Amino acid sequence: MELLEERIKKDGVVLPGNVLKVNSFLNHQIDPQLMMTLGQEFARLFKDAGVTRVLTAEASGIAPGIMAAYCLGVPMVFARKKKPSTVTDAVYTAEVFSYTKQVTNTISVEAKFLDANDRILVIDDFLANGEAAKGLISLAEQAGAEVVGVGVVVEKAFQGGHDWLVNHGYHLEALASIKEFADGQVIFN
């Protein structure tokens with residue numbers, strides 16, 4: 001998606017450790033117009049998948065996830081990283097390692113928000129090694145739901161997440177696919 005690639009070139013910062021900082025428009029400050037455009041693109045890409053619910057992870061997946069859900073006309077649920085004291089019902093849980101933060105989180109969704117009849121579209125901000133996507137897929141599978149697609153705003157194709165998802169048969173769409181970082185610059189596929 002050219003608009004997104006241009007925004008990454010303009011405002012993204014490559015940090016040590018193959019980390020791309022895009023906090024000025026995606027995962028700290030949010031550009032709502034850009035998020036709506038991303039949501040429209042996800043809706044276009046998955047329009048024939050029969051999506052009944054979007055599933056994402058807090059916090060950075062929420063903005064693109066809600067816009068995709070809005071454009072598809074379906075609800076969105078986000079996996080929490082900490083179980084609130086108000087949650088007393090059954091939950092689905094999965095362990096997720098964060099490449100950027102180098103920590104493992106237990107993500108959870110209340111069981112009443114996912115069911116076996118759901119056709120889930122997983123949306124997330126980044127795909128690196130695929131840990132968040134795998135965790136979200138696990139939550140959907142625990143509910144007996146079918147994952148009909150995975151949409152990511154930015155993928156680092158040089159890490160293993162892309163290959164894992166494709167090799168396991170998931171329909172993956174990345175709005176910006178990074179081939180590599182070279183001399184502080186982003187090189188797109």
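A Cβ is built for glycine as well, from the same backbone N, Cα and C atoms used for every other residue.
If you check Swiss-Prot, you get these features:
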type	residues	note
BINDING	L20, N27, K156	xanthine binding site
BINDING	A128, N129, G130, E131, A132	5-phospho-alpha-D-ribose 1-diphosphate binding site
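Sequence features annotated in Swiss-Prot and their locations in the structure.
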residue: L20; record: xanthine binding site; contacts (Cβ under 8 Å, 6+ apart): I8, G12, V13, V14, F126, V154, K156, I178, F181, V186
residue: N27; record: xanthine binding site; contacts (Cβ under 8 Å, 6+ apart): A59, S60, D125
residue: A128; record: 5-phospho-alpha-D-ribose 1-diphosphate binding site; contacts (Cβ under 8 Å, 6+ apart): N18, Y99, T100, E155, K156, Q159, G161
residue: N129; record: 5-phospho-alpha-D-ribose 1-diphosphate binding site; contacts (Cβ under 8 Å, 6+ apart): F97, Y99, Q159, G160, G161, W164
residue: G130; record: 5-phospho-alpha-D-ribose 1-diphosphate binding site; contacts (Cβ under 8 Å, 6+ apart): Q159, G160, G161, H162, W164, L165
residue: E131; record: 5-phospho-alpha-D-ribose 1-diphosphate binding site; contacts (Cβ under 8 Å, 6+ apart): V96, F97, S98, Y99, G161
residue: A132; record: 5-phospho-alpha-D-ribose 1-diphosphate binding site; contacts (Cβ under 8 Å, 6+ apart): A57, G61, V96, S98, D124, F126
Other C-beta atoms that fall within 10 angstroms of the C-beta of K156 (xanthine binding site): 25
Residues close to xanthine site centre defined by L20, N27, K156, Cβ within 8 Å: G12, V19, K21, V22, L26, T100, D125, F126, A128, V154
Assigned conformation of A132 (5-phospho-alpha-D-ribose 1-diphosphate binding site) - DSSP reduced to three states: helix
Near-site residues: 5-phospho-alpha-D-ribose 1-diphosphate, ref A128, N129, G130, E131, A132, CB cutoff 8 A to centroid: V96, F97, Y99, F126, L127, A133, K134, Q159, G160, G161
Mapped DSSP class for L20 (xanthine binding site), helix or strand or coil: strand
